[in-house]
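Report on the following structure.
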Amino acid sequence: MPSWWCCCCLVVLLYAQRMIVPSSAQNDGSDELQECPGGFCSPKYLCPNGTYNEANAQNQEIIMLRFGEEDVCQDYMQVCCSNATSMRYELVTNNEPVEYGCGISNPGGLIYQVEGNRTYAQYGEFPWVVAILEAFYSSNEQQFTYVGGGTLIHPRFVVTAAHIFNKTENLVASFGEWDMNRDENVYPKQNIDIDRTIIVHPEYNSVGLLNDIALAQLKQNVVYDKHIRPICLPNPTDRFDDQLCISTGWGIEALTSAYANVLKRVDLPVIARASCKKLFAETRLGPFFRLHKSVLCAGGEEGADMCDGDGGSGLACPNESGAYVLAGIVSWGLSCHQQNVPGAYVNVARFVTWINATIEGIL
């Protein structure tokens, strides 16, 4: 193996970390609602007359739901509702027709709104986003450790980065996830066990993170809905140079240096290979750095980057029809949010033939 790859492995920051997230058991509706002046704290979607004002919490960069100028509801996704005496948390039964085509986003989100701040995705905005979790039991209660991100491409398959899998037992794919601190959602999450056999690309190199791609096969099909839909795969010849794309995840945030609870979104330009090689050569990787053919570069703008905990998350680019295509998968980087230091993504177009052949061979 060339010596520069040994150097590279010492400085590369893997975009995969672990954190504990709450159990995904749904609220049974029996909890009492918190009182507030003139009513009760209630989810916005259940309250027709609650007040919703934008306020930016300086330290957390979270958009809060407020009653007038005072925070009266402890949960930032609730408002003070004057007629909520008999209301309880409930899930929406979706009777509207759902478009099942790939790459269809919900630009305004579904029900919840995080207004005036593009740091966070709207609820249900990117239906293909998947949280990969590891299940365990503590005090006889099921809990989850966050492993990394993934992208839904088929009712039975999630594509992600190979490097996030330290172990392959008790893994769960969580669909429809948005706020890691909330169990209640307007549309129900679907948690589906992942088969123990993670399908890693045969040429994956864990030292240099070459061909850093894997398929996670679900033990049962996920059910598509408004908030759960697949992304489109690119054609093998597709290029995304200079296109502005979107990456999402629950990794470290730029302003807080803490894990995101609400799904963050980062708008990132795709960088042409020649420019990317030049930028990396000006870093501590040095002038002899060679950019592997499996890597796509994006970012390089200060304060806009994916970071620890985002490994396996997708980079989605809109095509001419407005549908989103999976251009990249978060793989590695030298630092987070630094000017002129791009992030390294798996170039998905190079692996489309392998993805399709693998799925067809199994099914």
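Any Cβ shown, glycine's included, is placed from N, Cα and C.
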Cys102, Cys232, Cys245, Cys276 - which one Swiss-Prot pairs with Cys317 by disulfide: Cys245
Swiss-Prot annotation, disulfide partner among Cys36, Cys47, Cys102 for Cys80: Cys36
Least Cβ-crowded entry, counting other Cβ within 10 Å, from the glycosylation sites listed as Asn166, Asn319, Asn356: Asn166
Integer Å distance between the CA atoms belonging to Cys317 (disulfide bond) and Cys80 (disulfide bond): 38
Rounded to the nearest Å - Cα separation of Cys317 (disulfide bond) and Cys336 (disulfide bond): 21
CB within-chain contacts under 8 A for Cys245 (disulfide bond), separation at least 6: Asp267, Leu268, Pro269, Val270, Ala298, Leu315, Ala316, Cys317, Pro318, Ala327, Gly328
From recorded positions Cys81, Asn166, Cys336, the one whose Cα lies nearest Cys36 (disulfide bond): Cys81
Distance [Cα-Cα, Å, rounded] between Cys73 (disulfide bond) and Cys307 (disulfide bond): 31
Spatially closest candidate among Cys81, Asn166, Cys276, Cys297, Asn319, the listed recorded positions, to Cys336 (disulfide bond) (Cα to Cα): Cys297
